[in-house]
Amino acid sequence: MIGKRIRIERIINRKTDRTVIVPLDHGVSIGPVRGIIDMAGTIDEVASGGANAVLMHKGMVRSGHRGYGRDIGLIIHLSASTGLGPDPNHKVLVTSVEKALKLGADAVSVHVNVGSEREPEMLIKLGTVAEICDDWGMPLIAMMYPRGKKIDDEHDPEVVKLAARAGAELGADIIKTNYTGDPDTFRDVVKGCPVPVVIAGGPKIETEEELLQMVSDSVEAGGAGVAIGRNIFQADSPANMTGAIAGIVHDGLSVEEAVRILKGGE
């Protein structure tokens, strides 16, 4: 499908088949936290650092997307819930593939909390959006997170494998999910999923070196890169953090080499 191939090349590096995506969609769920207040400034930093794409809600495109400088892919997030709602794990569709196309999006994303009480409704929406994406040639990223009463550990390799595979089975072109904690078990997740898998950053990680090690381990295991938000946009220097991560993902840098970029070296 030529439309999907063209658009995917705007968010995935064609030379490495990997990507560095920076999600900036957190404002709906947790409000205007540090790092996403000045959207244009943050996007400028992550673009200069080498991010392949940013991900945001429809209303923020006019506030932050590029009109200058280095080009960067645009992913529109179709799902939302607030932290104040009765069930924050229930993600609803708040816009459409057609609207994303009108905004100039290179891809769309849908969030599914696998194992939550409202999982069936979210799966229906994912499958429906996947079919519409096929009709329009629009790449679809499925954010597949294991969350629910039956799930004791959201990073358990077995539940992450199931979540990733479910997203691919329902038509996603790229899966975003949790890292399992070590390369061996994450390699099984990648093997079990026929489309590229990128890891989420999750809550703010304690040390930058720990984050970079996780990125390195995930690509070593066959991961297709990262979709990391808070650990990039709340870094002391989002540009340097993006550059360090991109160096690992695309250039094969070691963690030690990436730390030098993070600290402002070359």
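Keep in mind that glycine also has a Cβ here, set from the backbone N, Cα and C atoms.
Record features (Swiss-Prot):
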type	residues	note
ACT_SITE	ASP25	active site, proton acceptor
ACT_SITE	TYR145	active site, proton donor
ACT_SITE	LYS176	active site, schiff-base intermediate with substrate
BINDING	ASP25, HIS26, GLY27, VAL28, SER29, TYR145, PRO146, ARG147, GLY201, GLY202, GLY229, ARG230	1-deoxy-D-threo-hexo-2,5-diulose 6-phosphate binding site
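Sequence features annotated in Swiss-Prot and their locations in the structure.
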| residue | record | DSSP class |
| --- | --- | --- |
| ASP25 | active site, proton acceptor | coil |
| TYR145 | active site, proton donor | strand |
| LYS176 | active site, schiff-base intermediate with substrate | strand |
| GLY201 | 1-deoxy-D-threo-hexo-2,5-diulose 6-phosphate binding site | coil |
| GLY229 | 1-deoxy-D-threo-hexo-2,5-diulose 6-phosphate binding site | coil |
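The Cβ of the residue listed as 'active site, proton acceptor' lies under 8 Å from the Cβ of LEU55, MET56, HIS57, HIS77, ALA80, GLY229, each of these being in the same chain and 6 or more residues away along the sequence. Across the fold, the C-alpha of GLY27 (1-deoxy-D-threo-hexo-2,5-diulose 6-phosphate binding site) and the C-alpha of LYS176 (active site, schiff-base intermediate with substrate) stand 19 Å from each other. Taking the Cβ of LYS176 (active site, schiff-base intermediate with substrate) as centre and 10 Å as the limit, one finds 27 other Cβ atoms among all the protein chains shown. Counting other Cβ atoms within 10 Å of each Cβ, the lowest count among the binding-site residues PRO146, GLY201 belongs to GLY201. Least packed by the Cβ count within 10 Å, out of the binding-site residues GLY27, GLY229, is GLY27. Residue pair SER29 (1-deoxy-D-threo-hexo-2,5-diulose 6-phosphate binding site) / TYR145 (active site, proton donor) shows a Cα separation of 15 Å. Comparing Cβ neighbour counts within 10 Å across the recorded positions SER29, TYR145, the minimum falls on SER29. TYR145 (active site, proton donor) sits 8 Å from LYS176 (active site, schiff-base intermediate with substrate), counting Cα to Cα. Looking at GLY201 (1-deoxy-D-threo-hexo-2,5-diulose 6-phosphate binding site) and LYS176 (active site, schiff-base intermediate with substrate), their Cα atoms lie 10 Å from each other.
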